[in-house]
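As structure tokens, the structure follows; a few thoughts come after it.
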Amino acid sequence: MAKPRVHEIAAEIGVDSKTALAKLKEMGEFVKGPSSSIEPPVARKLKAALEAAGVTGQAAAPAAAASSAPRPGARSSAPKPGGRPTPGPQPTAAPEVEAPEASDVPVPAKPLTVAERQAQAEASRKAAAEEKAQAEKSAASATPEAPAVETPSAPRPDAGSTPAPSNGIPRPGIPRPAAPRPGNNPFASNQGMGTKPRPGNNPFASNQGMGQRPAAGAAGPRPAAPRPGSPRPGAPRPGGVGQGARPAGFGQRPAGAGRPGGAPGGAGRPGAPAAGGFQRPAGGFAGRPGGGGRGRGPGGGTAGAFGRGGGKSKSRKSKRTKRAEFELREAPSLGGVSVPRGDGNTVVRLRRGASISDFADKIDASPGNLVTVLFHLGEMATATESLDEATFEVLGTELGYKIQVVSPEDEDRELLEGFDIDLDQELEDEDDDVLEIRPPVVTVMGHVDHGKTRLLDAIRNANVIEGEAGGITQHIGAYQVWAPHEGYERAITFIDTPGHEAFTAMRTRGAQVTDIAILVVAADDGIMPQTVEALNHAQAANVPIVVAVNKVDKEGANPAKVRQQLTEYGLVAEEYGGDVMFVDVSALTGKGVEDLLEAVLLTADAGLDLRSNPNKDARGVAIEARLDKGRGAVATVLIQSGTLRVGDAIVAGTAYGRVRAMMDENGDAVHEAYPSRPVQVQGLSSVPGAGDTFLVTEEDRTARQIAEKREAVERNAQLAKARKRISLEDFTRALEEGKVESLNLIIKGDVSGAVEALEESLMKIEVDDSVQLRIIHRGVGAVTESDVNLATIDNAIIIGFNVRPDPKARARAAREGVDIRFYSVIYSALEEIESSLTGMLKPEFEEVQSGVAEIREVFRSSKFGNIAGVIVRSGTITRNAKARVIRDGVVVGDSLAIESLRRFKDDVSEVRTDFEAGIGLGKFNDIQIGDEIETIEMKEKPRG
């Protein structure tokens, strides 16, 4: 829909364009001229403002009054001099009036409307006054007018008195004062020469109509009532001797006669008695267009050159127009584009790494418009670029939407529902008769070096800690042991999570798959920060806790202190009246290990319903995964429900394939794995992530499609996470100052959990904003030649965690100069990379005062300016050093330099304390006796 213009709105309201422009200026809207277009909301405000100001319709009031015909039976006021005749009171019955002879009785008439006619023709005041005086003189010499009596139905004259057609021929009548000759009035706007040209042949006339269209409901024009006027040269006037004046219809105003250059006679009201002949064309050479008199009622407009003409019709707005206006009102403009807005409570759910196109589909908007809006908000992005949650929050707040980013769990659940897989619904549909008891899954948690792995080693009667570098568990291990309970053996599955803070995410996943948590606390150290962190993870997962107080055989151990400290965190021992079992153990001597297993089984039987359905496809979690040189991708999985068999098609995260072989923690082959059983699976296409869910599908194709969709989702999430938000100001500054420095890393590790934990730890390193840490690639396995090629292109450093490069990769790295660093303990990797980032920072400088000199005398020289005679109070004054002048503690001159330094007549490089000298500060001459000259130097500030 086209936008309205100012002059159109002014014409619709009935005011001139200047008034509308002035009102717009008051409203604060910048509009150039009457032809400028404005927005529909601004148009509505303009109309409301004009209506409130009381100026609406003032310009259109005279025209409306003239166009409205008098109602039947309405009383009219006394005729005014110079006005048109108005109908008098309408009696119910009136006798017929005989037509008087023209020679005896003059025809009753009212004064001419000379003033109105001259005003409409825009004549000068002088000509109007002269004609008005002549009209009054003629009216005074005429016979007093008799009241005209009208009947409801005026009789038609006899057939012999048919009037001549109103074709513009002058008619004789009562003598009237001689009007000025047309064409001789230099002040008149109409210079017609009396005789009208043929209608339609005047190329300069504003009215090109070939005749006036009869009024609606009338068969012809009404006969004009006789009016006084001077005889015009030409044919005799009809209605003369022997012809009576045809009275007007009931309640109708008699139509006026046409006149040169003036307004033509008024058209009869619809429904008036019709008369024979043709309607008179518009009078005058350049008369006002339209033959409908002053008022342009229905049918009053002049016909156009090729058919129906007339004035501008005012039709009602269609539903489509109103709907378009409503949509424009509901979609305001932002940044020059129209976008739909929310009410502030509209929730829009987006997946991780969503793009502007995804957001546009949710709110039914154009992606290009949203890109423009985001650009005006200071963010630059393309329509298909993955954005982070913070950027969507900014955009949603501006548009009135609440952005809700779907969690990874919900996103994966929705993805599986697309393949008709609903894991939660499967568990709800299972009956109690198909559920069987499964072993409990226990997670060992605690602080670093509190003996978690040593305790698990004592339980398994095997030494697994010797294979860990530095005695620190680097990846998750899952084992199943058998313990005697009430006369028979029962299985317990243990998951050993690393205690270092870098593996927080891995420990969190361990708490999500566990049934019972064993919190290991050293009796000599007591509660430590990671002990509280592990406790919070277990409580957040709503997991029962069994506390193992380790190292009770060590000197200085105080198990009672541990019980007292844990009481502050809501863990109250049974001996203190609580419900948490505390067991004193010694992993070194094996004391209390059997009591600990007994406590685990009692806790499982008391408060947990450990049952699952083994007779269905397997579902579970990948505990850890690694890339074996001879066996390929190997994943340690924990079956939560169902049975996993060799040959099943499985998908775990972004990896898929068929189970080629399964082995337990001892390396023995397993053909079937039941619930709560940890096994190593071979046959996956890639290495899944630690904590990824796995499931068995009916076909390989389904597993591959699920893996590909998960990979795309994860890729978008990584792109959104790695995206650097940059504003317009930062972008301009970056263009001026150059590229921001960054340290690119490639991380390769032996297991996926360690790689992920190392990546998260590196991203937490806090350095200055001028240096960025970018991890461009991560993977599991040895460093390959492709990794070296990628590092060559991006100037990256390769970090190897418990892996080594192959010979080709080592040779290419030496040839290309790629830095490859290998670590077996995570502490060393974090420290060295943090040092590298700190070394890339730009040096920081600070001001150091080097000397202060007091001005004792000022020597003025026409060649060198003012020279300060000083004495050095402290430090050393050095030539070319930066200086500032201080007067009464206020700096009066800054960014100066010691351009000349002399002792007596010799130039010197420095002057020490308590020596006098002469100092020249170049063009700076605002120095006085008593001022101080302070010299400073910039020294590099060491980083902490």
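Placement of Cβ uses the backbone N, Cα and C atoms for every residue, glycine included.
Feature list (source: Swiss-Prot):
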BINDING   446-453, 496-500, 550-553  GTP binding site
COMPBIAS  55-81  compositional bias 'Low complexity'
COMPBIAS  82-92  compositional bias 'Pro residues'
COMPBIAS  93-107  compositional bias 'Low complexity'
COMPBIAS  123-135  compositional bias 'Basic and acidic residues'
COMPBIAS  211-222  compositional bias 'Low complexity'
COMPBIAS  223-236  compositional bias 'Pro residues'
COMPBIAS  244-257  compositional bias 'Low complexity'
COMPBIAS  258-269  compositional bias 'Gly residues'
COMPBIAS  270-283  compositional bias 'Low complexity'
COMPBIAS  284-310  compositional bias 'Gly residues'
COMPBIAS  311-322  compositional bias 'Basic residues'
DOMAIN    437-611  domain 'tr-type G'
REGION    55-326  region 'Disordered'
REGION    446-453  region 'G1'
REGION    471-475  region 'G2'
REGION    496-499  region 'G3'
REGION    550-553  region 'G4'
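Helix, strand and coil residue tallies for the region 'G4' (550-553), in that order: 0 helix, 1 strand, 3 coil [DSSP]. DSSP places the residues of the region 'G1' (446-453) in helix, strand and coil in these numbers: 2 helix, 1 strand, 5 coil. Across the region 'G4' (550-553), the model assigns an average pLDDT of 88. Other Cβ atoms within 10 Å of the Cβ of Gly446 (GTP binding site) number 27 in total over all chains.
Taking the Cβ of Asp449 (GTP binding site) as centre and 10 Å as the limit, one finds 15 other Cβ atoms among all the protein chains shown.
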